[in-house]
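Peer 1: As listed in TrEMBL for this protein:
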- 946-957: compositional bias 'Basic and acidic residues' (COMPBIAS)
- 938-957: region 'Disordered' (REGION)
- 268-328: repeat 'Cys-rich GLG1' (REPEAT)
- 396-463: repeat 'Cys-rich GLG1' (REPEAT)
- 464-526: repeat 'Cys-rich GLG1' (REPEAT)
- 650-711: repeat 'Cys-rich GLG1' (REPEAT)
- 777-837: repeat 'Cys-rich GLG1' (REPEAT)
- 1-20: signal peptide (SIGNAL)
Amino acid sequence: MLREPLVFLYFFILFTGSFAQRNVPDVDNDSDIRKQSIIIKLETRNKIPADNDDNNGRNLQRSDNQQQLIISVPISQQNLNQQQVISQSSRSVPVPISIANSEECRFDVQRYCTKGSRQMPPNLKVLQCVDELDNAPNLISKDCQHHIYSFKYNMAHDPHFDDAAQRQCSKDIKLIDECEEFVGKRGSGRLVSCLYDRLGNITEPSCRYFINQMRAVVFNDWTLSEYMVDACMSDINKLECARLDDDNKAIPHEQGAVIACLSQKYAQLQESCKKETFRLAEMQSDDYHLDRALFYACRDDRERLCSQVQSGNGRVYRCLYEQKFNTMLSSACRKEVHRRQSLVVANVQVDAPLIRACKSAIIQHQCSVDLNENDKRSSLVKLLLCLEDGFKKDGYMQDECRREMLIHRRMLMSDYSLSPEIVSECKTEMIKYCPSLLQQSSSIDQRGGRMIHCLLNNARKQKDFSNSCLTVVKSLIRAVDPGSDIRADPLLETTCRPVIDTLCPRIKSGDSNIIMCLLDNLKSNRMTEECEDRLMEISYFIARDWRLTPKLIRTCQTNLINLCQLSTNWSMTNELKDDQIGMYLGCLYQQRQQLDRNCSTELKRLMHIRTQAIGLMPEIEDNCIEDLATCKNPEIKGEEMKCLQKKYPKLEEKCKAAVRNYTQITMSDPTFDFLLMKACEPMIQLFCANIEGEREDGLIRCLVQHKHELKMDYQCKAGVDHYQITSMKDEAFLSQQFQKKCRQEVEEHCKGRKTKAAIIQCLADLMLKDALKGPNRVAEVCRNELKFELLQRSESIEFDPLLAKACQGDIRRFCWGRTPGNAEILDCLKDNYIKTSPICYAKLKKRQKLDVVLPENDFSLISKCASVIQKSCSNEKKQNMLSCLRRNANQDQMPNICRQIVYHRLMIFNTDARLNRGLIENCQQDISKWCNSEVVDDDDDDDNDANNKDYNDSEVTDRDMGGRINGCLRAKYADSAATLESQCVTELIDVIQTSKLDVKIDIKLYQSCRKQLDTKCTGMDKEDCLKLLYQRGQLNDDACREQVKRIIREGQMYIYADQALVAVCQTDVLKYCNDIPIGSGKQLQCLLNMRDFISNQCQNMLKQRQELWEEVNVYQL
C-alpha cells in the first residue's frame, strides 16, 4: 500500500522541481533525481498512508484534529487574466524548488508551519499548513500568497503534469475515447480533468489515486481549473461572485466563495458555466473538505455534531444533512448545507456517492436525469422516480442504493425550499394557507417538513387548491414514497415516534412495515391526534395512487395485469386519476376467488385499513364533496361513511354509486366494515368465535341473532342496527348467498325492483300467496334466505322502509314516543291497525299475515315469548309454534306481554280462513256448499310495494269484513238446521276454542260489538257481559245482537264455547259426560239428563242458560 503514495510523491516533487526550472532547458536529470530522492526520503517520514477514499481528504486535515480553514488565492483586477502574467512571470523568474526557502514565504513558514523545528517542511506540508491555518488571508503575506498560487497554478498546467497522468493512466486512457484526444496537449490540464470526469470508469489503482490526490490542489482554488475560468468569467462578473477585499482588487478572496456563489445562483448561469459548476460540485461530493465554503462554515459543527463520522464517500455531508434543523447547528453552516442540497436537487449527478451506489440500477432502468423545460420536476426527483419505478416492477435493488435513496428522500421531505417546483408552483397556496410558516421560513421550528405537511393538509381540504401545485406535490410524494419507509418523512416519523414505540415496537423500518402498523392502529386509543393528522396527510396521497400503496404492487402486480387490465408499461413518472386505486381494488375484490394467496391476504388487509377513514377512500371522498359537506360534524369523528349511508337515497348520483360499491363489499364481508368490527370485536369473541367461513355473511347473521343478549355491547348493537338499516336501501346490498339462492325467483317475479327492501317484500308477497293459494313458487333454499331477512325486518320499522314510508303519518298519530327497535313501533301499528290509513293498513295486513304463516320469523313473538317457547314448544315444528303457544296461552308461566302477542296473532289468524290450511282442507265441501259467496280474492294482496302504490278505502276490501269464511262456517255450525262434515266440525271447534281466549280473536263479534265492549263491559268477562246485555234488551245494534246470538248458539252446540258454564260445570262434565263426543250439543244434553245428580251451582247455571236459549229461540232440548 505504500507504493501508491511514493509514486505520487515522486511525481509531485518531480513537478515542483520542473516548475521551478521550467525555463531552464538543460537540467541535469541525474542531479534532479538525486535531489528528488533526498526530498522523497524527507517527505515519506511524515507521509500519511492514503489507502481508501476516506484518506483522500485527510491530506488536508491536521493530525491533531485542529480546526481547519480555507486559504484564499489571488485574483487580479483584469478579470483574472493575470493567470497568463503569473504564468509568464514564473517562467522568467524561476520559483525556488522549496516554498519554505523562498524569499516571499520563508518568514511565514517559519512562524506558522515549523512547529518550533529548525527543519523547513517540504512543499506538500507547507501547502497543507497554509490551507489549515485559521484566518490565513490576514496572516500570510500577500507576496507569499501570490507565490503559493503561482506554484499551484504552474503545477496544474505544467506539461509534466499531463505526462504523469498519461503514464499513470495509460491503460484507462486507451479505453476512454473522450480523454484520448487530449493526449499530446501538454500543459492544458484537460487530460486530468477528463479523467476525473470519468473517475468511476477508471480501473488502474495508481491512476485513481493520482487523480484523487490532485483534487486537493484544484479545490484550493477554482482558478486552477482552466475550464472553470473560460466558462464562468462572465457569470462571475455579472453575478458579482468575485468578492475582493481591497480597492485594488489584489487581495485574494475567501477560498471557495466563488464556487459557493455560483452554485447558489446556478439557475442564472449560462449553460457552459452551469456545467462546470456542477462538475466541480460532483468532484466535491465524496469529501466535504473539498467544498471549501461548506468546510469553512461547518468545521466547528462537524466537530460538535458529527465528530464520530469519518470523512470520505460523502459521509460528513450526510451527517450534516441530518443535522440541518438541529438548533445546535450554526446558521452559516445551515446556509452552506442548504446550498449543497439545492445543487444535488438541481443536478443529482453532483452527488457521486448516490450515483455510484445506484449505478447499476440507473443503467438497467435507463434513468435520465437531464433537465427538460417541459418537465418541472427536479433532477433528483426524476432519478428517485425512475429508480423507484424499477424497484416496484422487478422488486430488487441493492441495499446501498436503497440507503442512498432514503437519505435523499428524507432530505426532500424535510425542506420544501429544496424543491424549486414547489416554491414556484405553490407560492399562492403557501401564502394563503401557510402564511405563518412562510413568514418564518428561516426558523428551524417552522421548516422541518412542516410546510410540506401544511400543503398536504390543505390539498385534501381546500377546493381551490391549484392543479399545478397539486401536481408537483403529488410528484414529490411519489419520489419520497413515505408509504414504503416512514423514515423518508422526518416530521411524520418524529410525530409518531411515541405511537410507534407503543404500538409497533418490534416492527422493522422499511418495506412499508411501520406505516401499515400505524394505519392498522389508526383508531386505537393510543393513537395521538397529531400523529393521526400527519398520517392522514400522507395517506391521502397514498390512497390516491395505487403505485404508492404498500406491498400491493409487489404482491398483486400479476393479478392486476391479468385480471384488471393494468397496463404492462405503467410507470411511477406518470400522473394518474385519483380514483384508480378504488377501481383496481374493486376489481381485485370482484376477482378475489382467483387471486393467489399473497395478493388475497394483502388485498384484505389493505381494504380493512381503508375503511377506517373516509380520507383513505378517494373514490368516495372525491365524489361526495357536496354530500360530505353536510356530514362535517357527524355524531362521532370518523363516522362520515355512516352519515353518507344514512342519507343514501338522497345522495348525488356519482356519490351514491361510490357509496354503493363500498357498501356492497361490506355487505358481502362485514369484516371490511371497520367501525362495526371495532365496536363488535369483543362480542364476536363472545358469541361468534366458532363461526365457520362457509358463508360470507355468517358473521353478521351471528351478530344479528345475538344482538339482544344481555351481554351484548350497546355500541355493537347500534353498529349491527346501522348495518341492517343500510342493507335495505339498494338491491346491490343483497348478500352473495341471497343473490345466488334466490336468483331465479328474483328474475322471474321481482325484476325491476330498485331496493333490497322492495325485493324482500316482493318475495315475501310471493311466499304469502303460496301459503294462501299455492303452489310454492319460492324454492326451499330461497325460503331459508328470505326467512332470515324477514326476521330482521320484523325487529324494527327502520328495517322496513316501505312500511315506514306508508305509515309515517300513523306512526306520528298512534306511536309517538315509541322507539323503532325491539318491534315497539311495529307492535303499536299492529295494535291500532284497524284505525290506520288505507295505504298503511294494506301493507300492515300483509306483514301480519306473514307473522302467522311464518311465526319463527316474527321477532316480537320470538323475543317476547322466548321463555315459553324454550320450555313448552322447543320440540314443535317452527310453523306450528303459534299453535303451541295457543295451547299454553292460559298457563301461569306465560308472561302477559307474550300472551298479548299470541292473542293478536290468533286474531290475525282468524281474519283469513286461507291462513288455516287445516280448515280449508277439511271444510272444502262445506265452504262450497254454504259459504261460496264469501270467497273473495283480496285485491290488496296483489299490490306493488316496490312502486309505493297509494290506497283508498275502496281498495282495502277486508278492513271490516275480516274472517268472512270463518264467520259463515261458525254461523252454520250454530244453526241446527245445517249439518257440517265431521272433520270440518273438528276444525271449527278448534277455531271456536281459540276465539274464547280473547274477545278480539272473534273478529265478527269484536268488530260488531266494539262500542258496547268499550263502554259497558269493562272489568268483567266480555262474552258474559254481552249475553247479559242481550238478555236485558240493552243491545240496540242489530249487527252486535246477531253476533251475540251466534255465540249463544255456539255455546249450546259446544259446551266449551260457553266459558262461564264450563267454569261452573267442569267437574260434573268430567264425572258424568267425559265419554260423550264433543260437538252437536251432546255434552250439554248429557248434563241436562243428569241434572238431578249434578252440583247445585251447575244446576243454577244451566237454568240461566236455558232462559237465554229460549230468548234467542234456540232448539229446546
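Glycine too: its Cβ is placed from the backbone N, Cα and C atoms.
Whatever TrEMBL says is automated annotation, not expert-curated.
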Peer 1: Name the range, of those listed as 268-328, 396-463, 777-837, that has the largest tally of Cβ pairs under 8 Å with the repeat 'Cys-rich GLG1' (650-711).
Peer 2: 777-837
Peer 1: Can you tell me how the residues of the repeat 'Cys-rich GLG1' (650-711) break down into helix, strand and coil by DSSP?
Peer 2: 43 helix, 0 strand, 19 coil
Peer 1: Summarise the repeat 'Cys-rich GLG1' (396-463) as counts of helix, strand and coil residues per DSSP.
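Peer 2: Output for the repeat 'Cys-rich GLG1' (396-463) reads 50 helix, 0 strand, 18 coil.
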Peer 1: Report the DSSP secondary-structure composition of the repeat 'Cys-rich GLG1' (777-837) as helix, strand and coil residue counts.
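Peer 2: Per-class counts: 41 helix, 0 strand, 20 coil.
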